[in-house]
Amino acid sequence: MSSKPQIRPAENGEHCRSKMENGMDSMAPPTLSTYTPEEMVQQMKELITENNELKEAMKLHNQAMKDRYEELSIWREKQKEEREFYETKFKEAKQCLLAKCVENEQLQQQLQSLKEREEGAEMEGCATPEKEARQLKSKVQRLQAEKADLLAIISELQVKLNIASAEDSFVEIGMNEEVNRTARENQDNSSEMASNIAVYIRSKSADESKNLESEELTVSQLLCCLRNETQRREKLEKELQDHKERLSKMENETSNCLESGTQTNQEEESSEAIGSEVESLKKQICALFKELQEAHEKLKEAELIQKKLQEKCQTLEKVNSAAATELEEKQQLIYTIKKLELQVESVQAEVKLEQAKTQDEKTRYSSLQDAYNKLLAELTEAMKTISEMKVKEHDRVDKVVVEELNAKVLLAEQALAAKQLQMDEMKQLIAKQEEDLETMAVLRAQMEVYCSDFHAERAAREKIHEEKEQLAVQLAYLLKEQQNLEDLGRSSLAEMQNRHGARAPDREHSPRLVQRGTGSQEWPEQRNISIYSCPKCEEILPDLDTLQIHVMDCIN
């Protein structure tokens, strides 16, 4: 019975019935007799009404939950749409930024080319490759700074994407303002750079030369100090060694004097004098030790300074080598740019000539068209006069006048046909020239491609040529080493043969350690074997190559 209240109370009035049953169980059974049937019916009706009310409340609650869920789904869809809208706006802003960056770079390149031309015209005598390299470095740094600014703008836009839709217009306005501001700043910087770059480069080159000279002077001075300190240290060490030897001698003498106790007073006086000399020598040694320690400390300091200066020299050498390579690359780039500029100028001159020709032909065409229009007007007037004459003097017209008019009409038609032919020819010429202009643009693009391919092939050939030269140098070096080794082998063989020939008569005088039974049959075999024997250790070897190797090892 205790489990019944946990069941759903809104269905079929089970909750109230369970309460009633619990109450009836707790009370005595006679209480049932107190309820009349009418009261029981009323209670049942009340329970049914309560059950219906609970069902309606549950339905309303479920409907409200459904409505809330639908509102949440609509809100989520709106959020997704807003997010997609913001993302599209961000992408569009990014594309605009990239386009502006490309335009900015193109404008900068045009400005740089114009500035280089102006500076080349103004400073042809004083312009050097180093200055051009520094200019390019400063431009690269400026472009890097602009790139960093653009990246910062993009990050700001990414942060602003998470803000509400009301701020989108503000973001776009700010972005456009920043792009315009960067473009203006770039233009201002480019105009200022043209005026200040020469002075800056001169001052920088002078400062660098002064710094290098001062560093070289300090290095030379420190090296001189180091040499002096090392010489002084060697001298002090020698003096210390001499004093130590003298001290050891004096100590030996004093020990001898102490052992021989039965010596005279003169010897005692000499021993006292020796003791005083020993003390003075000890003092000198202490002073020398102090000087040595000071010299050691100075040496350590000088060595540290030398290491630092060597590191500085290495870094400067690396910087110089990198600058030299950059200079070479930039000189090559400048050379190629000048070549391309000359080619572009020649192409532009050709295009201008073609344009002038087309302009002349257009003027001719317009003049011919005017003449044609005039002739048409004259023809129409003549036709009108003919028609009028035919109408007015149909019967009185003379044959001569008619023939003259017919001749004029024929001449006008012939002139019109000739003019029409000329106009057709001019149209064909104009079409051909337009095709030539299109082919000129295609040929220009092909020329640029061929130029880049030619430069790439040229660089590859230069690399191959350098590698060939290096290999040739290595081959010559190896051939020289081989020749030297062969000469050494021959000389060593000659020396060995000489030694072997010098020792041969000694061996003839030496007694033979041969068994008696062998006799003259084993002698040629021994001679053949002794041909490939070592002259130093008399080791028998099978062939000449192993003999040479063994002789070299044995001599060493």
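The count begins at 1 with the first shown residue.
Backbone N, Cα and C define each Cβ position, glycine as well.
Per Swiss-Prot, the features are as follows:
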BINDING   Cys534, Cys537, His550, Cys554  Zn(2+) binding site
COILED    38-164  coiled coil
COILED    219-487  coiled coil
COMPBIAS  253-265  compositional bias 'Polar residues'
MOTIF     168-173  motif 'LIR'
MOTIF     453-458  motif 'UBAN'
ZN_FING   526-556  zinc finger
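Counting only same-chain residues at least 6 apart in sequence, those with a Cβ under 8 Å from the Cβ of Cys554 (Zn(2+) binding site) are Cys534, Lys536, Cys537, Glu539. In sequence order, Pro535, Lys536, Glu538, Glu539, Leu541, Val551, Asp553 are the same-chain residues whose CB sits within 8 A of the CB centroid of Cys534, Cys537, His550, Cys554, the residues recorded for Zn(2+) being left out. Here the Cβ of His550 (Zn(2+) binding site) has 17 other Cβ atoms within 10 Å, regardless of which shown protein chain they belong to.
Its own atom aside, the Cβ of Cys537 (Zn(2+) binding site) has 9 Cβ atoms within 10 angstroms in the protein chains shown. For the motif 'UBAN' (453-458), the DSSP counts in helix, strand and coil order read 6 helix, 0 strand, 0 coil. Under the DSSP three-state reduction, His550 (Zn(2+) binding site) is assigned to helix. The number of other Cβ atoms within 10 Å of the Cβ belonging to Cys534 (Zn(2+) binding site), over all protein chains shown, comes to 17.
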